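So that you can see what the record holds, here are the features copied from TrEMBL:
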SIGNAL    1-25  signal peptide
DOMAIN    4-216  domain 'GH16'
ACT_SITE  102  active site, nucleophile
ACT_SITE  106  active site, nucleophile
CARBOHYD  110  N-linked glycosylation site
Ligand SMILES: *[C@@H]1O[C@H](CO)[C@@H](O)[C@H](O)[C@H]1NC(C)=O
């Protein structure tokens, strides 16, 4: 065998190996579109890293190129470090229109040394008011961590480093609308909300620290695409499509809800004088 044919044999193996190693991360190139921010959003490192930035004149944002009807999205995020008071890094799925569905993660920054708040919410057919907030068990500024949204016909699960922190089960049988017919996209943005985000607007953004940046990598999207308004799931359906919480995951969820949850719309009867939303009476 001469040198050239050895090299041509080797090349496919190298390629296959590379594909196997990176199979769980999708390039940002071609799969997300930076939609605003006039150059403040950047795709770097051959599509493996995405960076959003925010300064006094603008934030920035991106969205997934494809729409989907059910999916599991994983993303590693490292949010604005240091004094990030007033900044909000939003990472969510959303459909469009006045009766839209939306599944949210929002990271509310804080002054140096004080913890971020992880804010979550869900809109179903235009109705939100389903906030739950958490203190993470780590500082999300110092490292990348994986934040996932699983959305299938039976439940929506928010995960942090594969630990479920929140679940919204399909309770249509109890009259709770469930997102299942409007296609969504993934969106993410970094913007300023100094008027409300940090301690109710008392702590303002320190613009001398600008530009603020949040970083993304390890994007993975297992999705059902949409054709003629219908969900087209891949023939090789991942387990995510049927996934619910098994007893061990349910136990993890309960631990996080007990130890890390700082706000729960289901416990805020002052805010809902006419009665809590119907899903609140369902014991998980
Ligand atoms: C910032 O830190 C303070 C003090 O720990 C806390 O009360 C507040 O909720 C935090 N704000 C946010 C937006 O997380």
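Cβ atoms are placed via backbone N, Cα and C, with glycine included.
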Residue 102 (active site, nucleophile) and residue 110 (N-linked glycosylation site), distance between Cα atoms, whole Å:
25
Annotated recorded positions 102, 106, 110, filtered by Cβ under 6 Å to ligand 1:
110
So how many other Cβ atoms are close to residue 106 (active site, nucleophile), meaning within 10 Å of its Cβ?
19
Among the recorded positions listed here, 102, 110, which has the most company in the form of other Cβ atoms within 10 Å of its Cβ?
110
If you average per-residue pLDDT over the domain 'GH16' (4-216), what number do you get?
90
